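Enquirer: What follows is a structure written as structure tokens; I'll ask about it next.
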Amino acid sequence: GLEPGSNCVFCLVLLTVALGAQALTPSHHLSLSDVERLKGLLSQPFTDLASAYYSIVGLSKLGASVADENMPVSNETRDILLAAVSEDSTVTQIFRAVSALSSLGLPLASQEVVAALIARIAKEDNVLAITTALQTATRLSQQAELGGILEEIEDLAARLDDLGGVYLQFEEGLEATALFVTAAYTLSDHADTEPPLKEDQVIQLANSVFSKKSWDSRSEAFSVACAAAALSSNRFHVPVIVSTQGPATVSHSQPILHLLVTDILSNPLASASVLVESAQAVASKSVVLSQAPFSLRDGIFELNFMASQPASGYYQFAVVVTGDSRLVANQVELKVKVSTEVAITNMDLSVVDKDQSIGTKTSRVDYPFKAKGSFTADSHQNFAMTFQLVDVNTGVELTPHQTFVRFHNQKTGQEVVFVAEPDGKNLYKFELDTAERKSEFDSMSGTYVLHLIVGDATLENPILWNVADVVLKFLDEEAPAAIQSKTLYMPKPDIQHLFREPEKKPPTVVSNTFTALVLSPFLLLLILWFKLGANISNFSLSPSSVLFHVGHACMLGLMYVYWTHLNMFQTLKYLAIIGSLTFLAGNRMLAQKAVKRIAAEQSSRLAKYRSLR
Amino acid sequence: MSNSVISVIYRFLEEYRTKTSNKLKVVDAYLFYILLTGALQFLYCLLVGTFPFNSFLAGFISCVGAFILGVCLRIQINPDNKGDFLSISQERAFADFLLAHTVLHLVVINFIG
């Protein structure tokens with residue numbers, strides 16, 4: 001696929017911001033510098049036929065002149081070319097033959113060519129082959145039956161990949177897409193049939209082809225040049241590019257909005273007329289202008305927007321370009337900024353006593369002068385400032401985004417910034433309560449230089465005004481401690497890693513006692529068994545019995561070894577071996593025991609029976 | 001009230017002494033031993049805390065499991081229950097007992113840590 005370079009993404013962003021399109025409008029086109037670069041690449045000297053073809057044809061499409069080449073033709077050459085037109089040649093061969101024949105002015109049978117092409121398309125079903133077939137058809141007579149070939153345009157268009165609704169291109173790449181655009185429009189013009197491409201598709205194709213601004217090879221440059229020429233001068237679809245000349249800003253000093261309306265090659269559209277359908281303020285949504293035409297001067301469309309006396313701010317323009325039925329994407333949205341200059345009026349500084357027993361002393365200061373004396377405020381007093389911001393041209397009150405009051409201590413380098421806020425009547429007020437704000441000043445008493453900073457995107461004259469000097473006196477002044485920022489970048493204190501504390505264990509005595517205690521019932525068991533008369537007198541020394549007991553003992557031993565050394569897998573392995581032996585022996589032993597028991601029971605039953613009788 | 005309880009207990013002990021066969025008494029002694037061991041482990045845990053918990057669990061479960069298996073063995077070799085276990089001979093019961101104990105010991109040793 002196609003990857004626009006970061007350059008192009010930046011252009012895309014800029015253009016998107018400038019155009020703010022909701023309907024699809026071209027996000028890429030060839031600016032004049034792009035066209036020059038394209039011509040430069042094609043003007044490089046050529047050494048083989050392919051390069052010659054690309055350069056000559058490409059430059060002629062861009063309108064540059066090319067040296068004339070004359071070639072004599074012999075009968076054999078003509079026969080070879082005519083023979084190439086058949087089902088057995090590839091589409092490219094047919095194309096070259098037809099191009100050569102038509103360029104040399106030799107007659108050819110259009111119907112035969114069409115038949116050969118349709119047969120080849122069925123066999124070579126790829127994008128490039130079909131595009132070449134389309135190109136071939138443009139060289140044929142207009143009386144030929146081109147319907148079958150024209151249908152291929154729609155089929156090919158269906159194979160385009162849609163990327164994010166912005167780009168439409170073949171997976172074969174930029175060249176294939178550009179060649180397709182060229183072929184489709186050239187053939188449509190030749191056959192006088194509108195190509196089956198929708199407006200959005202045309203724009204998306206243009207975006208894909210013109211998003212790349214530096215080309216890898218001559219053939220790529222050639223394809224882009226051909227596509228640009230096709231899109232700027234075909235009979236059906238001409239994408240129009242609307243952009244502002246310079247930033248989209250008007251002001252009192254520059255009241256005219258300049259628009260450039262061009263085609264894809266940045267050629268101005270001579271016959272267009274441009275109209276503002278509506279201009280709406282972004283903030284208040286009120287419509288300031290509607291159905292106002294632009295006037296054309298020296299190829300640039302102009303409109304005096306300031307004549308409508310718009311307030312400063314942003315405006316959304318809906319612009320329509322008419323005058324040519326071929327124009328595509330002729331409805332554009334633009335964001336226009338109206339900027340102005342601000343003036344500060346009625347700047348009053350005063351020191352107000354908190355209990356208001358002593359009257360306030362207000363001084364007026366005029367921009368850009370500084371107040372004559374300095375103002376002193378200690379912890380019983382507040383320092384207050386009021387002012388108004390007005391539009392220089394209209395006298396309307398403004399509320400810019402940035403109105404900061406900055407205190408700067410020249411000796412310690414401290415800088416404290418506050419925001420001045422307007423009240424309901426757009427009168428700006430700032431009050432500094434010395435006692436309340438002492439933490440921001442680190443309680444450093446001294447002389448602070450006061451600046452007022454006013455700024456906004458719509459202001460042409462941001463203001464930095466040194467208004468006055470203010471002496472602040474704080475209570476409990478600390479010794480000038482090093483400013484916080486100095487210690488910010490020193491190494492911090494080391495953090496010692498605290499390993500997990502081992503759990504508290506009981507003293508060894510206790511655990512030892514309990515170990516003995518837990519083992520003691522075993523002794524009790526042995527005693528009980530002895531008292532009950534349990535014995536091993538019945539122990540038969542048969543091999544299976546011995547083996548069983550040995551095996552069983554081994555299994556218990558294995559358990560101990562498992563606890564100390566082994567893992568589950570090894571244990572299971574050993575257990576399987578010992579266990580099966582023990583099982584077999586045990587089975588034997590128990591069977592023998594069972595036989596003995598049953599025999600004993602039977603004999604005792606017999607004895608009982610006999611005694612009863 | 002307490003009188004009747006004591007007399008019941010006395011009666012029970014008498015019956016036990018006379019009616020139960022020696023074989024069963026041997027198994028009962030074993031069960032009593034297991035019970036004591038388990039109870040002592042639990043007492044230790046109560047007194048000193050559960051560290052290390054997995055060892056305590058392994059030991060305690062071992063006692064509980066052994067007790068249960070012992071009870072099963074006792075039930076199966078009791079001649080009074082012969083009707084319920086027609087297909088299981090005494091030797092078979094003992095073999096089952098051993099096999100189950102092997103598995104129990106494997107698990108306990110794995111868990112004891």
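Cβ from N, Cα, C; glycine included.
What TrEMBL says about a protein is an automatic prediction, not a curated fact.
If you look up TrEMBL, you'll see A:1-23 marked as signal peptide. Marked as domain 'Ribophorin II N-terminal' by TrEMBL: A:73-232. Annotation source TrEMBL lists domain 'Ribophorin II second' at A:240-338. Annotation comment: TrEMBL describes A:346-472 as domain 'Ribophorin II third'. Feature annotation from TrEMBL assigns domain 'Ribophorin II C-terminal' to A:499-597. Residues annotated as transmembrane segment in TrEMBL: A:514-534, A:546-565, A:571-590.
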Enquirer: Below 8 angstroms Cβ to Cβ, which residues of this chain, lying six or more residues outside the transmembrane segment (A:546-565), approach it?
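Expert: Same-chain contacts beyond the flanks: 571, 574-575, 578-579, 581-582, 585-586, 588-589.
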Enquirer: May I have the DSSP-based helix, strand and coil counts for the residues of the domain 'Ribophorin II second' (A:240-338)?
Expert: 4 helix, 58 strand, 37 coil
Enquirer: Using DSSP, what is the helix/strand/coil residue split across the domain 'Ribophorin II third' (A:346-472)?
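Expert: So the counts come to 0 helix, 70 strand, 57 coil.
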Enquirer: Give, as a single whole number between 0 and 100, the mean pLDDT over the domain 'Ribophorin II second' (A:240-338).
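Expert: Within the domain 'Ribophorin II second' (A:240-338), the model's average pLDDT equals 87.
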